[in-house]
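J.: Could you have a look at this structure, given as structure tokens, before my questions?
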Amino acid sequence: MKPDRGPRGKQSQAELMMMTVADVIKQLVEAHEQGKDVNLNKLKTKTSAKYGLSAQPRLVDIIAAVPPQYRKILVPKLKAKPIRTASGIAVVAVMCKPHRCPHINFTGNICVYCPGGPDSDFEYSTQSYTGYEPTSMRAIRARYDPYLQTRHRVEQLKQLGHSVDKVEFIVMGGTFMALSEDYRDFFIRNLHDALSGHTSNSVSEAVRYSERSNTKCVGITIETRPDYCLKRHLSDMLSYGCTRLEIGVQSVYEDVARDTNRGHTVKAVCESFHMAKDAGFKVVSHMMPDLPNVGLERDTEQFIEFFENPAFRPDGMKLYPTLVIRGTGLYELWKTGRYRSYSPSTLVDLVARILALVPPWTRVYRVQRDIPMPLVSSGVEHGNLRELALARMKDLGTECRDVRTREVGIQEIHHKVRPYQVELIRRDYVANGGWETFLSYEDPEQDILIGLLRLRKCSEQSFRPELKGGVSIVRELHVYGSVVPISSRDPSKFQHQGFGMLLMEEAERIAREEHGSCKIAVISGVGTRNYYRKLGYELEGPYMVKKLD
């Protein structure tokens, strides 16, 4: 077969593509040396036209072709979707196999708004997912194999120019803790093995090897329900190396939980928050405005209650406005006119009000689901709801002061601002029967957050033996800013600048002098245990612990 002759005489399309990529890199290097900013898309279009190419070179090809001596300079500029690792870690979402919702046994049906699952129109999808979200599609391609899902996603992020030294897993796909113990162990074992390259026979062995892996697992997040967040579940999750829970709350109203067929009470939510925080977990809740029989006023009221009532007060929130999807009970209500979604402008208004209520110690992880618009019959009409809500807040003169909005990495990407004068700020509050202290390094003038630490004086009811009898626990330590490989120090990035150590010293002082604790514990991701060993901590059960003299 003859090679495809391009318009430049004898070269094939592949050769022209190589010349285009080389030219793009050459121009990028020149622009860097002259200190100029370059619009990459314009540059690709112009260079492709110059060589008569029908298609532009892919970003992955350009990143792969950057010479070694320029990689440090150019790859950060070429990085696709820099937000992916702006918070300091690469997040890898994996899905467990499709299984039925556990509360079908005693409520007779799934939640009224819930799509997906083995009995739905989307039969190969997990419960509450349609199978068309990016994560679901990756999981289906890998046939829900945890090892393959992890390897493929890590490789993909690498090719896009991200540093994958630190990985955080999110285990999605319905109630993971409702699956059999054998399957759960197999799943978690494979996640750790995919990073360490070892083949383990048990979870404890996988965790041991994962501690020493080059790609560190800095945390695992598991999605669960309040009734699958009891003491035995929490202990299992600690043994997996899990550090954060995503608990489906959806509404703080008892009547709404009953009408939507949740299968648990609001009291169960408060109890699971209490137990989870006393075991050291970070608690992220899923909330759904616009559910049936609520209305705008009650929706606003429930978020005031949610952030101000000490029985709730989560560390993070995912805000999922209700969507009407074919095949759900809600779809039938909508079709017969018994349910109506808010209009787009009302929804933007409501989300703007909710974001204004968020306290500075809570992080809003997501606003709206990742479900493709063609599958949505009614509900959110915009793909960029958070941006629209933030713009509406600007008009109203309010601001969103949650953790994510103020992070140094995100501020740099969106507003090109860097912190100038950094100081330690302390906020104390009471939540779920314990005394919480939120320590952070911030630039108060520009309202930028560099690092944070969550410290808790455990309540008397803590069920873990390691945390009984006057123990303080560090539930989270995180320095923001783009991922910096663990072995290197980059003076322009904020990770590995010693902020973490300063925050830990202050936490130890508060635990000793104010809490009157005899020891301090840290719930640490498997891959970060060595960091705490350097600070004088040692492993006791699943926690890193240090005696306070």
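The count begins at 1 with the first shown residue.
Cβ coordinates are placed from backbone N, Cα and C, and glycine is handled just like the others.
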J.: Same acetyl-CoA site as Lys166, Glu476, Leu477, His478, Val479, Phe499, Gly500, Met501 according to Swiss-Prot: which of Tyr144, Tyr147, Tyr532?
T.: Tyr532
J.: What Cα-Cα separation, expressed in whole Å, is found between Tyr532 (acetyl-CoA binding site) and Cys111 ([4Fe-4S] cluster binding site)?
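T.: So the alpha carbons of Tyr532 (acetyl-CoA binding site) and Cys111 ([4Fe-4S] cluster binding site) sit roughly 42 Å from each other.
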J.: Give the sequence-ordered set of same-chain residues, not counting Cys101, Cys111, Cys114, with Cβ within 8 Å of the centre of the Cβ atoms defining the [4Fe-4S] cluster site.
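T.: Result: His103, Asn109, Ile110, Val112, Tyr113, Gly117, Gln127, Ser128, Asn261.
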J.: Would you report the average pLDDT that the model assigns to the domain 'N-acetyltransferase' (398-549)?
T.: 86
J.: Please list residues from the chain of Leu477 (acetyl-CoA binding site) whose Cβ is under 8 angstroms from its Cβ, counting only those at least six apart in sequence.
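T.: Looking at Cβ-Cβ distances below 8 Å from Leu477 (acetyl-CoA binding site), excluding near sequence neighbours, one finds Gly451, Leu452, Leu453, Gly500, Leu503, Met504, Val522.
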J.: Once the DSSP letters are reduced so that anything not helix or strand counts as coil, what is Val479 (acetyl-CoA binding site)?
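T.: Once the DSSP labels are grouped into three classes, Val479 (acetyl-CoA binding site) ends up as strand.
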J.: In sequence order, which residues at least six apart in the same chain have a CB under 8 Å from the CB of Cys114 ([4Fe-4S] cluster binding site)?
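T.: Expected: Cys101, Gln127, Ser128, Thr328.
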J.: Taking only the Cα atoms, work out how far Cys111 ([4Fe-4S] cluster binding site) lies from Val479 (acetyl-CoA binding site), in Å, as a whole number.
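T.: Rounded to the nearest whole number, the Cα-Cα distance is 38 Å.
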